[in-house]
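Record features, source TrEMBL:
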{"type": "DOMAIN", "residues": "A:532-557", "note": "domain '4Fe-4S ferredoxin-type'"}
{"type": "BINDING", "residues": "A:CYS541, A:CYS544, A:CYS547, A:CYS578", "note": "[4Fe-4S] cluster 1 binding site"}
{"type": "BINDING", "residues": "A:CYS552, A:CYS568, A:CYS571, A:CYS574", "note": "[4Fe-4S] cluster 2 binding site"}
{"type": "DOMAIN", "residues": "A:559-588", "note": "domain '4Fe-4S ferredoxin-type'"}
Amino acid sequence: MATRYLLGNEAIAHGCLEANIDFASGYPGTPSSEVIDILRSQGERSFYVEWSTNEKVAYENALAAAWCTARALFTTKHVGLNVAADPLMTSAYTGVTGGLVVLSADDPFAHSSQNEQDTRCYAHFARVPCLDPATVQEAHDMIRDAFALSEEFNLPVIFRPTTRICHSKSDVTLGEVGQEHRKGMFRRDPKQYVVIPAHTRVLHVKLNEKQQGIKKRLVELGYNHAEIRGTTGIIASGVAASYVQEVIPDDISFAKVGAYPIDEDWLRGFVERHTRVLVVEELAPVVEEAVRRVATAAEVYGKLSGTVPFEGELSPAGVALAMEKAGFAPTKSFPPASPVEGIPPRPPILCAGCMHRSAFYAMRKVFKDGIFPSDIGCYTLGLQLGGVDTTICMGASITVGSGMKQSGEERDVVCTIGDSTFLHTGIPGLLNAVYNGADMTVVILDNRITAMTGHQPNPNTGVTAMGEESTPISLDAICRACGVAFVETVDPYDLPMLLSTFRQAKEKSGVKVIIAKQPCVISARRAGMKRKPYAVDTDRCTGCGVCRSFGCPAIAFVDEKAFVTELCAGCGVCADICPAGAIRKEGRR
Amino acid sequence: MKDSFDILIVGIGGQGTVLASNVLGEACIAEGKPVRSAETHGMAQRGGSVESHVRIGAEHGSLIAPGTADLLIAFDLLEALRYRHYLPEGGRVVTNSRFVPPTSVYMQNLQIPDESEILTGLAGLSVTCVDAAALAAEAGSTLAQNIVMLGAASVDIPLSPEALLEAVRKCVPKKTIEINEKAFRIGRSTDRGC
């Protein structure tokens, strides 16, 4: 037993080590990524870890490991669970023999996500248990127990932390790292693992028969518990439970839901002892709907009564406000505080020297009237450069682009997609576009790594999650194998070459692929790569502002002249852009 | 009712807000105090506005409510203004005296506020300005600005300087320990007021 100051995801990873984990796979996605990053960076590692090409691939790998008696972890962010939803649903029928924990991190307020969906709905849909931690300590304890619960019911168990668990830190009491590891061994049982209709009908009945036992067990294990203190009560789940505990008076009853499915008898027992009940939860009204099903006399407040917001994340102040609306007096009131207005925004931007910036610049220069579908990754920040017209989900830039063209859109369509995203779900879209005769340009922004989520390796990097060297795939060969005739790889720092390649692509019909290849500036710097910074010759600078519109954070303006700051990474693209020839490598005149 | 001392650390991605909050967290562990913190992730080094909530002595959630922070530490003067509503009237802020103009002002042709305007915006608070770049350079590296700021704020933080220094040694890269210890001491002994 040791107490350490840990990030939620670090505490979760440690819980996995304490549970003797044998196998871990996932696809990076904020706020889930650090769990596998921490597992793979263990000095002494006696289990298998991989970053898979997408969530479905990762899920099926982990499922197979759990069919072979291993304790397997699959990690994703909520939207990635959509990609793995197909195997998730059927794996509830087949079950597992080892332990399978499905970590799907939700992101209330969409801090870094395209939607605010609720993983608890997937648990209900698939009819598998779901654990929902309220604090970092609980996240650590729960994930450790999740493996045992999975083995007890022979079912995948969903573990659903949220951003404020994953990316919160606290003092955490840890247990000992386990040393027992299992060697995978598959026991043939076609009735269990071959889901032909005759088998699946039987498996579905078995899955339904497990539900009642699971509900009772979750109450027994203490995940769902209540304290009766008065005639009014609050029921809360997940991290919202800790916000409630901060502001709840001593005479209001409190029930905490930490796991699903909820036992209706237990829930009814709590609700019936109160005249008024407030349900506090983030995202979907999952608990509230269960409360409303069992409530006969009690008045219920929550999202459906307009007391708790449907969107965004909660906070102690938000909970206090909901309590006031429901007529419950919180112990603290929070003064309304609004931010000062009119401060220039400071959104995240592409790094100084990021190769995506010049790719967007060249794209817009050549395709002035173009339409630019894009995808999920750092390059979505190209929005600020006018280079991103659509973003929906991983892999959808090429499919959205070809759909636009096939619907009759006459303007040029130029899609952007990163290397990791292209490998994730871009390839099927590309071969579909080529085979069905779309006319468009695809720019693969190849920075050799999955940068946005924290620089995880992918099959284009040349190293595995375990740190072993592997042969990087050839994006060029994949594109040619998909049937693309025009495939050009260019250095995006070479602006004249980039512009001429874009012009060539514009002249041709069919699907054209331009691979803009240059390592991510952050990973290049970490690898010790140094480029001389650039500087402005103030005598030559006319203050025209062309470099300014390039949007590089290393370019500032001082006394109406351009100024290159210490952030300069030495990519040199601004020197090519400057019409006065005023930007040069430092120390050169 | 309040049982925790709540600190909001704000700055720009890449300035080391998370490392600074780690120092506070580790110092809490050294003193046996419960601690909760919440961080901005995914924007590291990408120049966005970032915030770290640190609640010393907290037993529940990691989020500080606006209007209730006990101390605001700003690694950038403009960010101090952006987050001032986390402090109650008369609240305490320790801020860098300089700021980096956001790239948005150049892209969208916005007015860059000047330092005196920002300081006017901070009126009503108890403000300490720290020239972090100059003091960090004095300590041996401009990269130590976050530890200078932490040192300057440390007089207002209910943790012992010994525990904080121990935490600094634990959190910074090994070869920079000496510079960062010096940065902390220089920050701690800097003049109050603005």
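Placed from the backbone N, Cα and C atoms, the Cβ positions cover glycine too.
What you are looking at is a predicted structure, and each value in this text was computed from that prediction instead of being measured.
With respect to A:CYS568 ([4Fe-4S] cluster 2 binding site), the closest of these binding-site residues in Cα terms is A:CYS547, chosen from A:CYS541, A:CYS544, A:CYS547, A:CYS578. In sequence order, A:VAL536, A:THR542, A:GLY543, A:GLY545, A:VAL546, A:ARG548, A:ALA562, A:ILE577, A:PRO579, A:ALA580, A:ALA582, A:ILE583 are the same-chain residues whose CB sits within 8 A of the CB centroid of A:CYS541, A:CYS544, A:CYS547, A:CYS578, the residues recorded for [4Fe-4S] cluster 1 being left out.
With A:CYS552 ([4Fe-4S] cluster 2 binding site) as the anchor, the candidate binding-site residues are A:CYS541, A:CYS544, A:CYS578, and the one with the nearest CA is A:CYS578. Residue pair A:CYS578 ([4Fe-4S] cluster 1 binding site) / A:CYS571 ([4Fe-4S] cluster 2 binding site) shows a Cα separation of 14 Å. For A:CYS571 ([4Fe-4S] cluster 2 binding site), the nearest neighbour among the listed binding-site residues (A:CYS541, A:CYS544, A:CYS547), judged by C-alpha distance, is A:CYS547. Taking the centre of the Cβ atoms of A:CYS552, A:CYS568, A:CYS571, A:CYS574 as the [4Fe-4S] cluster 2 site, the nearby residues of that chain (Cβ within 8 Å, site residues left out) are A:ALA352, A:GLY353, A:TYR534, A:PHE550, A:ALA554, A:ILE555, A:VAL564, A:ALA569, A:GLY570, A:GLY572, A:VAL573.
Across the domain '4Fe-4S ferredoxin-type' (A:559-588), the prediction's mean pLDDT works out to 91. The CA atom of A:CYS544 ([4Fe-4S] cluster 1 binding site) is located 13 Å away from the CA atom of A:CYS574 ([4Fe-4S] cluster 2 binding site). Distance noted between the C-alpha atoms of A:CYS574 ([4Fe-4S] cluster 2 binding site) and A:CYS547 ([4Fe-4S] cluster 1 binding site) is 6 Å. Across the domain '4Fe-4S ferredoxin-type' (A:532-557), DSSP classifies residues as 3 helix, 6 strand, 17 coil.
For the binding-site residues A:CYS547, A:CYS578, the ranking by surrounding Cβ atoms (within 10 Å, all protein chains) places A:CYS547 first.
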